[in-house]
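*Asks:* I'd like to ask some things about the structure below.
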Number of protein chains: 2
Amino acid sequence: KADCTRLLLLSVSAATPTEEMNGAGNLMDFLDEPFPDVSTYEDFHTIDWLREKSRDTDRHRKITSKSKESLWELIKSLLDAWSGWVVMLLIGLLSGTLAGVIDLAVDWMTDLKEGVCLSAFWYSHEQCCWTSNETTFDDRDKCPQWQKWAELMTGHAEGAGAYVLNYFLYILWALLFSFLAVSLVRVFAPYACGSGIPEIKTILSGFIIRGYLGKWTLLIKTVTLVLAVSSGLSLGKEGPLVHVACCCGNLFCSLFSKYSKNEGKRREVLSAAAAAGVSVAFGAPIGGVLFSLEEVSYYFPLKTLWRSFFAALVAAFTLRSINPFGNSRLVLFYVEYHTPWYMAELVPFILLGVFGGLWGTLFIRANIAWCRRRKTTQLGKYPVLEVIAVTGITALLAYPNPYTRRSTSELISELFNDCGALESSQLCDYVNNPNMSRPVDDIPDRPAGPGVYNALWQLTLALIFKIVITIFTFGMKIPSGLFIPSMMAYHHHDWIIFKNWCRPGADCVTPGLYAMVGAAACLGGVTRMTVSLVVIMFELTGGLEYIVPLMAAAVTSKWVADAFGKEGIYESHILLNGYPYLDVRDEFTHRTLATDVMRPRRNDPPLAVLTQDSTTVEDVETLIKDTDYNGFPVVVSRESERLIGFVQRRDLTLAIKNARQKQDGVVSSSVVYFTEDAPQLPASNPQPLKLRRILNLSPFTVTDHTPMETVVDIFRKLGLRQCLVTRSGRLLGIITKKDVLRHMAQMMNQDPESIMFN
Amino acid sequence: KADCTRLLLLSVSAATPTEEMNGAGNLMDFLDEPFPDVSTYEDFHTIDWLREKSRDTDRHRKITSKSKESLWELIKSLLDAWSGWVVMLLIGLLSGTLAGVIDLAVDWMTDLKEGVCLSAFWYSHEQCCWTSNETTFDDRDKCPQWQKWAELMTGHAEGAGAYVLNYFLYILWALLFSFLAVSLVRVFAPYACGSGIPEIKTILSGFIIRGYLGKWTLLIKTVTLVLAVSSGLSLGKEGPLVHVACCCGNLFCSLFSKYSKNEGKRREVLSAAAAAGVSVAFGAPIGGVLFSLEEVSYYFPLKTLWRSFFAALVAAFTLRSINPFGNSRLVLFYVEYHTPWYMAELVPFILLGVFGGLWGTLFIRANIAWCRRRKTTQLGKYPVLEVIAVTGITALLAYPNPYTRRSTSELISELFNDCGALESSQLCDYVNNPNMSRPVDDIPDRPAGPGVYNALWQLTLALIFKIVITIFTFGMKIPSGLFIPSMMAYHHHDWIIFKNWCRPGADCVTPGLYAMVGAAACLGGVTRMTVSLVVIMFELTGGLEYIVPLMAAAVTSKWVADAFGKEGIYESHILLNGYPYLDVRDEFTHRTLATDVMRPRRNDPPLAVLTQDSTTVEDVETLIKDTDYNGFPVVVSRESERLIGFVQRRDLTLAIKNARQKQDGVVSSSVVYFTEDAPQLPASNPQPLKLRRILNLSPFTVTDHTPMETVVDIFRKLGLRQCLVTRSGRLLGIITKKDVLRHMAQMMNQDPESIMFN
């Protein structure tokens, strides 16, 4: 995670679509534009949502008025109106396909660590034994076509020697996969590392990180995701799939100038892409939309809601068509039980919620502490070595325990399910009492067999191992959270309290339900999602009956975790990396005024301003050279200080450069005019330079007495980049988004300088 | 619907909690307040969200700082912090209980129209036969305890005479119920009529309608809802339940000054209450939250999302505990089939979507035309007569057809369900071919019996009747939409195309699924919901497998309907009634500037302003008397016109009245000072009146060049009430929310004067 930002320096030129318009050649175009808003933003800068929006409205207006001119223009305007839906369709198709391919590849490569299919090496274990005709129902994962490595190489399937050889090869494959993954990331696309969700949140809030969603990142992230998951590291594919889907979104944005040239509109597409990503990660289209709304998006109008919905639908549908799980359900971990739950069970559900909240807090604290250590010590200098080491340890410890050896999704689906009569799993090894007259699937009254206790021990070990290793692996997402509850469920099973109020013979406690609720609680504690989490959980399992238990656990988990700290894992990583993210959830309650935050401060030099009719070209050039502000306010005169507008640094630079090259008579001593008409000057004087076109005549202003909570609100809701401060019409200073973030950090007793890439 | 506004004049004093603070006695308190923002709003005025928010932050700050003083204050601050969740709990409990009571009462009274239970008259038909021990599975709705009226009165259960008597009594009961309903509404709570959703949308957007959510409205609406639904009118209880839940929300707000004294915070509670309302109306907690988000709410921060979620959960849970439907499921129309659907079926699903969209457009147009006619002609003068007439016609036409006679929810649950082998419904009357060796539940290959064709005719008639009558009944919600698809399903069944690709013997087309998808499409066309609709539909039916069909139909339906007009039924009624609702969905694309909208217009008298140190008390009083503006800008002087702040009319009136009474030496010729310090005047001069405390020093300003699209955006997102227009620091004019609405109406070629109660 930490090496991501450091690897920036190595970044290959993963060109994003916006870059095409960086050239000065566009200047003539933009001088023809009615509004002076064509310039794009620099890397690692904040966008101005209001400006992007008004640019889009202009564009829209132009197309609408043109559409009346000819049939061709009308068709073009219709195409433009539908381009949003087309982009959604394409995102859905591509991200669904990629998710399907990733699922198939992970399946195959995970099994490759243990053995190979003789009939066709590209078959996974399950596929291999499916195609084999000799399979009986009892042991469908044993078939002659599938051979473990030891069996293939030495001919001996059993024995200590074969075990050691298999163990060794398992570790070797894991190391190979993770080495490949980390090397590919380092060499080709440094941004492809990590979960991507903190960065996507930051980008969606209006920050520019060039290349983060580029083609190279897409390609490398897809490949390395397969490698990383297959290597057996304790990480999930869910977060990265969101990143992959956002890359798809960005890719398709470049097809339509409506989206590629407008950073605001682009972010609407990215929000929808994030929904599609979650939709394919969990097979949960509605959960995806809610996840995008609740967790990652910043600006989420209703239009985006509908489009996200459509993209998520198409993506889920594409994935279903590819059918990587071999069943025609969208639901990943379909649970077959529909037993009702009892009111009194709410108590353990709420306890699971409390537990999940505590676990979330612990996980976040430990993970952040470890990441901070990695950032600040020597450790961070050897990322490849670190990955290799963690993979080695993971593989070494995971192999002996059957619950950690297999892939996480297999494990989850076993834990979520109820024991049926025909289940061969060790967890269902209850003693079959021949004296009992009741049917064989009445499990609760039978005593647990040795297999169950054995399984409980192995699960407990697996749980502890996963908890510890996930903290160090960072966890793109934390499927390990899903482990915890299963044991609770089994312990509950023996509790006396349950025995008392259960009607004898009825399976009144469903262990799988506890696993499900516990998983929701733990995920809730870590990410602080509520509504989207519940929807994802029941889309994942099909257990619509269990909304109330899931809701109870999710809400409790959030309350408990929030009591220890407001930030979820993604916000914590945003803070750790110092991204300029203005969280909509933070309440600003301090009693400061705009005047306390604005610059210039008391002892600073005065604000760098331009006057409307008395600054020369040379003055402007000096100002640009001496400062690095993004723009300058323009006032009537230095005496009156009455604000008339705001000019962007970028526009100013381009305009002057252009005028110097193309416009005769513009020299250093030419006066720059921002007024409506420049005065007629005698011919001997240098030609004036009229720049009203690039002047923003409606800059956002607040008075110096405006409470900061209002200012913060305005910045959040309108997505401003800067705001000018006035008192009775006089310009006093300026507040930028970064000033606001710095001030908020200061008020929360954090180091204000930590706000910014660090 | 239309008489609602007219009945305003009759409105009993349904006191809302805000009224307690209207007295001038509060003035001294507010002069002690650090911020001059205590005054409330007049009826039918717009609130200022930004101001409400900053008042709440002040309150919060005060409590936090006090909490460090003593243990008691600490406890009080904790109580305050949890009061939001407590209010949610109470709302959930009360609205769940009310919904349960309403369901039970409707059940009973609907059956009362046909007959009575001899063993206990308060039992509904179903309960009556349940408690009877003689019931066999075959005809569970025939038992000796339940007697139709004719049987009870004449002793003859069969025959033409009994039929006519039953028919007559059915109509009589219906007329009695509806007469009671309309009379109660007219006399006690005129606001209790209609669906309530358009008004709630308007209130949530920041408008004040006193008494609309009062105690009386709650009581009368609950009672009349039962009467209206039982009378057999073509209306649903879903919309009114949202209104009832919002009344509960408003009621509980008055318990906590945090909510009762802050109109912004109150609206957060109301948004959550709306979610609880939908949650109990459909048994769909998540759908409720999404409905509140997508359809009714205006300001919906994440905090409100979580709280809505909690309220919806508690409400659904309370309803489940009351268990009015006699099964322990939350799901209202649980469907038992889980047959997969085929890709090719997407075509009919999309066709259903198209149909739903067209139906929605038609319904909205016809309904609005009828309501307009009612408003403008003599028709609107006899509301009671109208209700009686419509009830009479409905009952007269409904009785002969078994599909319209029974309650809508019974019908829906029959249509949604698949035909099983044991089903006694007429719809499932397929010919049992004795030569067939296949099991009896293989329905598709059997030819349809006469019962099916009969049922199809009856359903078609029912459909046409419901469509027509719903337009006139206005439809609080349109359960009639749910009828349409069922017939399609049955027609499809015989289509040759299906026969070809179905494996013989497999029930490849599920009629109930078509009914469900069609219902979603029709509701989507009328209300334009998408995500919330799909979630409600599958929470309603438990059919999680059918997300894709439902989504496809909902999205298509929305596209088709939007092509004919952007407004859904609720927005259309808002427009019809001229509520000042600033829709977040409308895109403002015209190229006007703030200067075109602001007042004063070119030929108007100049803007009424106050100066900071040269206006006398008499001048101010004259200004207040001569104008009806809500507030006045304060400038440095009339010459410089530099803005220093804004003062509310209400504050000004109260302050002057108070000063005249209590402050010695303040006379008509006293000068009003808004400056920080009033100059020391000689004793002979009248005492100055210092009013800086009531001056808002941070009024919102834009420049005259600001595009109106930006202004509209600012009004929407920040929820402003007014905004001042300046040019280079000079005050030019003012734009209020109503100016914005009027301008938008003008741009859309509507009558600008229609914006406001009309």
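Using N, Cα and C of the backbone, Cβ positions are placed for all residues, glycine too.
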*Asks:* Suppose you had to name the range TrEMBL annotates as transmembrane segment; which of A:209-229, A:482-502 would you pick?
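*Replies:* Per TrEMBL, the stretch marked transmembrane segment is A:209-229.
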*Asks:* Check each of the ranges A:241-257, A:547-563 against TrEMBL and return the one annotated as transmembrane segment.
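*Replies:* Matching range for transmembrane segment: A:241-257.
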*Asks:* Of the ranges A:296-320, A:346-370, which one does TrEMBL list as transmembrane segment?
*Replies:* A:346-370
*Asks:* So what's near the transmembrane segment (A:269-293) in sequence-distant terms, Cβ-Cβ under 8 Å and 6+ beyond its ends?
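*Replies:* Residues 84, 87-88, 91-92, 95-96, 98-100, 200, 203-204, 213, 237-238, 241-246, 248-250, 252-253, 259, 299-300, 304-305, 307-316, 318-320, 329-332, 529, 531-533, 535-537, 539-540 contact the transmembrane segment (A:269-293) from elsewhere in the chain.
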*Asks:* Hey, which of A:82-106, A:167-189, A:209-229, A:346-370 has the most Cβ-Cβ pairs under 8 Å against the transmembrane segment (A:241-257)?
*Replies:* A:82-106
*Asks:* If you average pLDDT over the domain 'CBS' (A:695-753), what do you get?
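*Replies:* Within the domain 'CBS' (A:695-753), the model's average pLDDT equals 87.
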*Asks:* If you run through the domain 'CBS' (A:695-753) with DSSP, how many residues end up as helix, strand and coil?
*Replies:* 24 helix, 19 strand, 16 coil
*Asks:* What residues in the same chain, six or more past the boundaries of the transmembrane segment (A:82-106), come closer than 8 Å to it by Cβ-Cβ distance?
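*Replies:* Non-local partners: 124, 222, 225-226, 229-230, 237, 241, 244-245, 248-249, 251-253, 255-256, 258-259, 268-269, 272-273, 276-277, 280-281, 307, 310-319, 321-325, 407.
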